[in-house]
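Per TrEMBL, the features are:
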type     : residues : note
DOMAIN   : 26-70    : domain 'Homeobox'
DNA_BIND : 28-71    : DNA-binding region
DOMAIN   : 73-274   : domain 'TLC'
TRANSMEM : 82-102   : transmembrane segment
TRANSMEM : 122-141  : transmembrane segment
TRANSMEM : 148-167  : transmembrane segment
TRANSMEM : 206-225  : transmembrane segment
TRANSMEM : 245-266  : transmembrane segment
REGION   : 283-326  : region 'Disordered'
COMPBIAS : 300-314  : compositional bias 'Polar residues'
Amino acid sequence: FIAKPCAINLGIQDSGPHRAQPNAILEKVFTSITKSPDGKRLEGLSKQLDWDVRKIQRWFRHRRNQDKPTTLTKFCESMWRFTFYLSIFFYGIRFLWTAPWFWDTRQCWYNYPFQPLTSRLYYYYILELAFYWSLMFSQFTDIKRKDFLIMFVHHLATIGLITFSYMNNMVRVGTLVLCLHDASDFLLEAAKLANYAKYQRLCDAFFMLFGVVFIVTRLGIYPFWILNTTLFESWELIGPYPSWWLFNGLLVTLQVLHIIWSYLIIRTASKALVRGKVSKDDRSDVESSSEEEDVTSNSTKGIFSTSSNGSNRLNGHMAGGQWTGE
C-alpha cells in the first residue's frame, strides 16, 4: 500500500527479466532433471532440437531468470526492511539514551540477575525476536544465494542470543548488541532502494556510508565494548556463571561473521575506487544471457543492480557475495 505507489512514482516497472521462448523439451529438462545442464547434456539437446549449444545455454539462463522476483517486488521488500531497521534503531537509541548501562557497560552486571524488566525493554526484545524469526523463515522461500549458509548461521546465532539473554535476564547487554547491529542495516537497504530507482550516485554514497558505519560498529565498538563487557567485566563482577561459555561463544561467532563481511565490503569498496562506482553484486540472482552481456552488466551497473535480490538479507545482506542485512 505504501512501497508500491512510491516505486511506481519513481518509474520502477512491474516487469521481470526476458522470458524464455516456450519449448516443451527444454522445459521438461529444466523442471525434471536440471536447471543447469552440463556440456554432455547440452550437446545431446543440441542434436535433438537442431539448436546451437549457445542458444540452449541462453534459453536456460532466461528460464532461470524468469522465476526471479521483479524489481518492483524487491523494491517493496527493501522498503519494508528499511522502515523496520530505521524505526527499531531510533526506538533503541531513544530508549537506551537514558539507560545507565548505555554509558557504563559495568551496569549490565550490577545486581544481576535481579534486574527489572521494563515494558519498553520487553517490547524492544519481542519486536527484534519476531523480526529475526521472520528472516529465518523467509530465507527458505527466497531465492537461494551464495551466502545462504553464512546468513543461516547468523540468524541462528542472533535468535539464540536474543532468546538466551532474555531467559537469563541478560537483557541489558542484549539491548546494546541489538542497537549496535541496527545502526548500519538501514543504510544498506537505503542503498538498495536508490539502486532500484536508478540513482547511482546516491546508491554509491549510501553504500560507502554503510561500509564505514559497519566496520566502525562491528570491528571497533562491538569487540572493544560488547565483547569486553561479556568476556571480562561479567567474569569480574558476577564470576564464571554456568552459561558463560555458550553466551560468549555465540557472540564470538557473530564477530567472526563480522570479519568475513567486513573483508568483502572493503574489497567491494576498493574496486569501486578503481572503477568510479560500486561494482555489480557478485551474488546477483539474475544471470546475463551471454558473456558479452556479463561484461556490459559489470561495467554499467552498481552493486545493487536491479537484478539483485532485495530480500537478502542481512536479509541480507552483502556486496560481492555478502549482502545480507542481518
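Cβ coordinates come from backbone N, Cα and C, glycine included.
Please treat TrEMBL annotations as automatic predictions, because they have not gone through curation.
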Compute the average pLDDT of the predicted model within the domain 'TLC' (73-274).
89
What does DSSP give as the helix, strand and coil breakdown of the domain 'Homeobox' (26-70)?
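The breakdown for the domain 'Homeobox' (26-70) reads 31 helix, 0 strand, 14 coil.
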